[in-house]
Amino acid sequence: MPESPSISAVRDLREATCGPIGTPEVTNELSENIILTSLDDLHNWARLSSLWPLLYGTACCFIEFAALLGSRFDFDRFGLVPRSSPRQADLLIVAGTVTMKMAPALVRLYEQMPEPKYVIAMGACTITGGMFSADSTTAVRGVDKLIPVDLYLPGCPPRPEAIFDAVIKLRKKVGDESLAERSKHQQTHRYFTMTHQMKAVEPQVTGAYLRAESQQAALAAAPAGQTLATDAAVLNPAPEMVQP
């Protein structure tokens, strides 16, 4: 019967096969135990690794964002923790159509967030008003007319992968900032693009042709000898049906 290997032989075999690199040696040199950096890099590294978003979803774009909270995309790996209070958040994600009635509430939430704070405009309806801006008189034509926007995420709606790309780009922006120069690059006015103006347009279909007064006026204004399609209906109404 062969003899069993000793404990030292088993340890040597384990180090040779399982850990070929070996255990790193601890050095006492000062240059190997100290990492030199700046206060800006340390501050930015802490902020970009713990962005706490405030989710402001008003339409279908938020459904795509809700998919990130599941296990398939793992939204938490970026250090993003959704918050329900604006005083605990430093990232505002606006997803969906913003109306005139909701605009004061959105501005109030943004003003309650502590500095430094960032805004992501998610979706076409948030950036330009989208398809609702053509006929609606209450849709805001771009959220940047209300609050400053740091990153635009187009799409109708954007995919979850696009949201990840936007978060990565925002992390790069946060990592390149400087505490001394941040106040110089902030927007001095809230309305970032063109002036938000609405022009009242008269409706094409007013329903006036359905009124009896309008029909009588049209008959009176018609030239002599010319009949209208409604002459017989107006002058000679249909007799009432008498039930036996």
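Here, residue 1 is simply the first one shown, and the rest follow in order.
Quick reminder: no glycine exception, Cβ is built from N, Cα and C everywhere.
Over in Swiss-Prot, the protein carries these features:
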- Cys60, Cys61, Cys125, Cys156: [4Fe-4S] cluster binding site (BINDING)
Check: Here are some binding-site residues: Cys60, Cys125. Which one has the most Cβ atoms within 10 Å of its Cβ?
Finding: Cys125
Next item on the list: Ten-angstrom check, please: count other Cβ atoms within 10 Å of the Cβ of Cys61 ([4Fe-4S] cluster binding site), all chains counted.
Entry: 26
Next item on the list: Could you tell me which three-state DSSP class Cys125 ([4Fe-4S] cluster binding site) falls into?
Entry: helix
Margin query: Restricting to the chain of Cys156 ([4Fe-4S] cluster binding site) and a gap of 6 or more, list residues whose Cβ falls under 8 Å of its Cβ, or answer none.
Written below: Gly123, Ala124, Cys125, Gly130
Note to self: Residues other than Cys60, Cys61, Cys125, Cys156 within 8 Å, Cβ to Cβ centroid, of the [4Fe-4S] cluster site?
What the structure shows: Ala59, Ala95, Gly96, Thr97, Gly123, Ala124, Thr126, Gly130, Gly155, Pro157
Margin query: Under DSSP, is Cys61 ([4Fe-4S] cluster binding site) part of a helix or a strand, or is it coil?
Written below: helix
